[in-house]
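Taken from TrEMBL, the feature domain 'Acyl-CoA dehydrogenase/oxidase N-terminal' covers 6-116. Here TrEMBL flags 122-199 as domain 'Acyl-CoA oxidase/dehydrogenase middle'. The domain 'Acyl-CoA dehydrogenase/oxidase C-terminal' annotation in TrEMBL covers 230-380.
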Amino acid sequence: MNFDLTAEQDQLRDAVRSLGRRYGHRYFVEKAKAGEHTTELWHEAGRLGYLGVNIPTEYGGGGGGITDLAIVCEELAAAGCPLLLLVVSPAIAATVINRHGTEEQRKRHLPGLADGSQKIVFAITEPEAGSNFHRLATTARRDGDDWVLSGRKCYISGVDEAGHVLVVARTEDTASGKLKPALFVVPTGAAGMTWSKLDMEIVSPENQFLLYLDEVRLPADALVGESLDAGLPALFSGLNPERITVAAMGAGTGRYAIERASEYTATRSVWGGRTIGSHQGVSHPLAHAAVQVELARLMIQKAATLYDAGRDLEAGISANMAKYAAGEAAALAVDTAVQALGGAGMTTEYGVATLLGAVRAGRIAPVSREMILNFVAQHVLGQDKSY
Ligand SMILES: Cc1cc2nc3c(=O)[nH]c(=O)nc-3n(C[C@H](O)[C@H](O)[C@H](O)COP(=O)(O)OP(=O)(O)OC[C@H]3O[C@@H](n4cnc5c(N)ncnc54)[C@H](O)[C@@H]3O)c2cc1C
């Protein structure tokens, strides 16, 4: 087993870390509180090639894999800038289009995703379906050559920043009643598509939206792939990259919080000359959180390596485990860091409590810890499906 990154990946990690530190958590929070986006950071990362590391070179990307994109996600988060749209645009949308889109769709969308000039966000969740995507009710109806989409989506991140939304719909005439998903690249300016912002208790420059599709008419080539048969594999192809990159973001956030707290506890002294970090009641919880974050990083590395080797099924198990582990570790790390910082932990200035909402959401989205445990129970432990 080899734990070494390639020389290029090492350089990528260093370079992204220094970019992230130049912006830092203060910038991230100021943008969030002003209701603005991290546009400067996004565009600079795009210009430097970091947003397209996993996109093939012929479409303007770096020609790497999800391992590389996970490095970008982790290092920006470790600098205090956990950018959720990295998970939806380069990880999910670029993977789906690259693996299952037509050549025309690859040429149309991938260069813009690679240089960051375009964002494609992802819409699967629906109010009535929730975790059960078999209940998706957004329909795609054929009308001549066109497709007509109708339905409602919720919690969709970044709609206001994106040029397109990758919408998961179901074809209307499924006689069997089984889900036949189809994916469509819908321009945010399409007639009939509207959205409204959800108020979320998360400090983030990226927002969530309710998305309404009211008889949205699309040309035939909005359907991802050559035919409806591309739908299910296309949908599944986005899942592993999603879980791996969101896990990397969680691990980076955990590292960031532990670093902030450790710097503080190593220098703050309230009992004579001893630092508060010399008290094991303070240092052990931080050390415990550091162990959990490091374990999660190991599983992220395994999942990304398997995925990049084309071993999708094994990668699926590891990606789910990595997402679970990183979600728990990030929540633990941020909570522990807040505690170690005492009152300072709750201030905006120290920049840790600002992450409480985000890491809490990381145990729910994009797939909840319970649904991962269901998956592991069924596919690893051989238990009957419980739902
Ligand atoms: C910050 C944020 C960003 C998001 N961004 C996007 C996005 O960009 N695009 C998108 O499509 N969606 C997005 N989502 C939605 C997210 O993927 C869903 O919230 C998530 O999949 C859970 O669905 P739900 O909220 O409907 O919960 P529900 O399905 O209603 O579940 C509620 C609770 O019940 C549990 N539960 C449900 N079924 C079972 C079961 N069978 N066994 C055990 N427990 C179960 C769940 O684990 C959860 O704890 C986002 C959500 C958040 C919070």
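Yeah, the Cβs are placed from backbone N, Cα and C, and that goes for glycine too.
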Report task. State the mean pLDDT for the domain 'Acyl-CoA dehydrogenase/oxidase N-terminal' (6-116). Result -> 98
Query raised in the report: What counts of helix, strand and coil residues does DSSP assign across the domain 'Acyl-CoA dehydrogenase/oxidase N-terminal' (6-116)?
Result: 81 helix, 0 strand, 30 coil
